[in-house]
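I have placed the structure first, in the form of structure tokens, so that the comments after it can refer back to it.
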């Protein structure tokens, strides 16, 4: 079971990774003159998103609901966050690769192709949704109902058995 002190630590780590993601999304364009620094920031951002995915799944595995065999219930409740986070990771990696390819040799020019602008807008839109849904999921996973046997869990288990 996830204890309060551990949950606070995990939640703080998740929010720290989200803040880093927000920081890179906000200020990475200011570093276009230093492509190596921008590349390092992008790599760390992608790793932070991947760590957030791993942390959410570890929190799933720690729940009583998961241990009782109701994996489908957890994934049904949180499938939006799982899908959105995966899409956001793919969009972020795509944007980072494209930006680095366009600007690596000539970082002093400010080139934006139509495709790059479109990808940029979708990645930033996905970033807003990712932050909202990820925070909501992280807080909802702190609900004690997920970590102990309860009437709610028994009802859900009976519905699955039917």
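Even glycines carry a Cβ here, placed using N, Cα and C.
Remember, predicted model here, so these are calculated numbers, not experimental data.
Here's what Swiss-Prot has on this protein:
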CARBOHYD  6  N-linked glycosylation site
TRANSMEM  7-27  transmembrane segment
TRANSMEM  41-61  transmembrane segment
TRANSMEM  80-100  transmembrane segment
TRANSMEM  115-134  transmembrane segment
Practice item. State the count of C-beta atoms found within 10 angstroms of the C-beta of residue 6 (N-linked glycosylation site), not counting that atom itself. Key: 11
Review point. If you run the three-state DSSP split on the residue listed as 'N-linked glycosylation site', which class comes out?
Key: helix
